[in-house]
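Engineer: Sharing a structure with you now.
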Amino acid sequence: MASTISAYKEKMKELSVLSLICSCFYTQPHPNTVYQYGDMEVKQLDKRASGQSFEVILKSPSDLSPESPMLSSPPKKKDTSLEELQKRLEAAEERRKTQEAQVLKQLAERREHEREVLHKALEENNNFSRQAEEKLNYKMELSKEIREAHLAALRERLREKELHAAEVRRNKEQREEMSG
């Protein structure tokens, strides 16, 4: 079953390449052309401006004859040498160290940025507090001066009233002495 699936995948890759090559050489397809590929049968349905359409028919595993050759597995990779493996390991280790250094650098930059932001926020807070305190002190001084000026004005009026009352009393006493 697994070999059938892998064969199907390979044939689908080959089919698209084959179709491209055939369409280059034969611009007019043969009507009802059927292609046989091992355990697959491919029928060309129609050709459109947008592309071609095909019908792919897979034969069941029971229909496959034992005489049909098994499709070869993909070529094996060549054995890698110890030196090559060592180079790969060293390169991987170097990439890991570089990535780790980059992460540490980013963390350090982020911490430095956080410190700068915190320092700036504290500085702005201190400036705001100092300005608010200066403004409050100014208002208190102004209020104190206004209050003292108001009290001085009240004292002055009171003194003037007392002087006027004393003058009125004197005038009254003088009239009483003259009349009496």
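Every residue gets a Cβ built from N, Cα and C, even glycine.
Okay, these came from Swiss-Prot:
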LIPID     CYS22  S-palmitoyl cysteine
LIPID     CYS24  S-palmitoyl cysteine
DOMAIN    38-180  domain 'SLD'
MOD_RES   SER50  phosphoserine
REGION    59-82  region 'Disordered'
MOD_RES   SER60  phosphoserine
COMPBIAS  60-74  compositional bias 'Low complexity'
MOD_RES   SER65  phosphoserine
MOD_RES   SER68  phosphoserine
MOD_RES   SER72  phosphoserine
MOD_RES   SER73  phosphoserine
COILED    75-179  coiled coil
MOD_RES   SER81  phosphoserine
Engineer: Can you give me the Cα-Cα distance between SER81 (phosphoserine) and SER60 (phosphoserine) in Å, rounded to a whole number?
Structural biologist: 43
Engineer: What Cα-Cα separation, expressed in whole Å, is found between SER50 (phosphoserine) and SER60 (phosphoserine)?
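Structural biologist: Checking the Cα atoms of SER50 (phosphoserine) and SER60 (phosphoserine) gives a distance of 32 Å.
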Engineer: Just to confirm: which same-chain residues, 6+ apart in sequence, have a Cβ under 8 Å from the Cβ of SER60 (phosphoserine)?
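Structural biologist: Long-range Cβ contacts: none.
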Engineer: Ranking the modified residues SER50, SER81 by other Cβ atoms within 10 Å, which is at the bottom?
Structural biologist: SER50
Engineer: For the domain 'SLD' (38-180), what is the mean per-residue pLDDT, to the nearest integer?
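Structural biologist: Its mean pLDDT is 87.
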